[in-house]
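For reference, the structure is listed below as structure tokens.
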């Protein structure tokens, strides 16, 4: 506002300086295309006694009672100048002159400065890059760089202002200036920047304004993929397929369709499309088959397309088919089901009766496992238990046979354990005994080998030559019966020498004879030669 006032004041001063010498008495502002009337200020009281004419910039432009009246310029009876349909060329200094009837001179009565204000017209704005919708609204993609430009025509000058009307901005003014076009830009535009953008142009002289508005939307697709899920329908025979894709603007278009059907049986014939963030489709379970593949595709106006899918699978519970328990104890059996789509409901049964939590049975679900604990097992608990899994495609079960053993049946096991321990202890004793007697056992084996490999001859020889014993001969300790110990020398004879066996035999006889004698003797085992 301050800038506008300053411009108007400047123009007025400029006009005043231009015609100051002419003593301008009035300044009039007219708008292009409108009508205006210039008053002759000092006209006589009896206007009918005088004639009037008007000059513009020193040239006569209008007289009373002209031979060819002008629609654009005309003079009233009281001397007022009426200008119809103001044009820019009408701008200038106007002088009102009067002359008495029959007189010959004209007298200037007033001088008026007429200024023509035009516009603003032709206000236009441009927002790019942007796309028009059918209703004329523009949209841009989130994260893009957007340029804004506004222009208009105005005389003598104008002020341009960009404003935005949205909930996120406290200050609606975005840009201001007097030069046309007026431009600014937004880098990495976000959803908070969407709103109604207005370009306003104001004539600095006439204060007339003109504007143009444009609604701008910021579109963006969801960042994540669609999510496919399922649940049982309102009817036991129905299953509900759920596709959701949240987080985009505007809402996407979701489509359910069958991608791959089963080899046999009727197809799902699932093709449903809707502009929404969540699309639910109810399908009768009778047309669902193991191996059917369904897909949900999300289309967004920004051009983004994403999808999710799943393949239908019948349940297949797994686990150990045999369990053994001791009577009077607790036992836990379990089964696991992970392959079914939609997820199956799994329960434990016995004899087609559903097993629920009681003081006897404890059922616990810890997905994907389902456990059954039988408390204080008895012989009556023996039998087949069923892990039953069912989903909309069908049902399957796992048979688990429970074998219950009584305490009397453990006697054989106890005896077996006792015998095993006894055999182990005997083995340990034998091993320790052999280890402690290893020297005797080894020596006995050694002598038995010597008897097999060679023939030894024992010879006892009496000797009177005491000098052959130069060193003290060690004595063996005396035996308890008091007899003297005989010293024996053993000389080995290889078993392969058999020539003098007869002589050796004679010596052996002699040796046996000598051993019968009492007293210290010397035995010598000499090899036969």
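Placement of Cβ uses the backbone N, Cα and C atoms for every residue, glycine included.
Pulled from Swiss-Prot, these are the features on record:
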- 1-18: signal peptide (SIGNAL)
- 40-96: disulfide bond (DISULFID)
- 150-199: disulfide bond (DISULFID)
- 317-403: domain 'Ig-like C2-type 3' (DOMAIN)
- 335-387: disulfide bond (DISULFID)
- 433-529: topological domain 'Cytoplasmic' (TOPO_DOM)
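Shown here: features listed in Swiss-Prot, placed on the structure.
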residue : record         : Cβ within 10 Å
40      : disulfide bond : 25
96      : disulfide bond : 25
150     : disulfide bond : 27
199     : disulfide bond : 26
335     : disulfide bond : 24
387     : disulfide bond : 25
Can you tell me the CA-to-CA distance separating residue 40 (disulfide bond) and residue 150 (disulfide bond), as a whole number of Å?
43
Separation of alpha carbons, residue 199 (disulfide bond) and residue 96 (disulfide bond) (Å):
42
Can you tell me the mean pLDDT for the domain 'Ig-like C2-type 3' (317-403)?
93
Rounded distance in angstrom between the Cα atoms of residue 199 (disulfide bond) and residue 387 (disulfide bond):
73
Does DSSP put residue 40 (disulfide bond) in a helix, in a strand, or in coil?
coil
Do me a favour and check the Cα-Cα span between residue 335 (disulfide bond) and residue 150 (disulfide bond); whole Å is fine.
73
Secondary structure content of the domain 'Ig-like C2-type 3' (317-403), with strand meaning DSSP E or B:
3 helix, 52 strand, 32 coil
Work out how many Å separate residue 387 (disulfide bond) and residue 150 (disulfide bond) at their Cα atoms, rounded off.
74
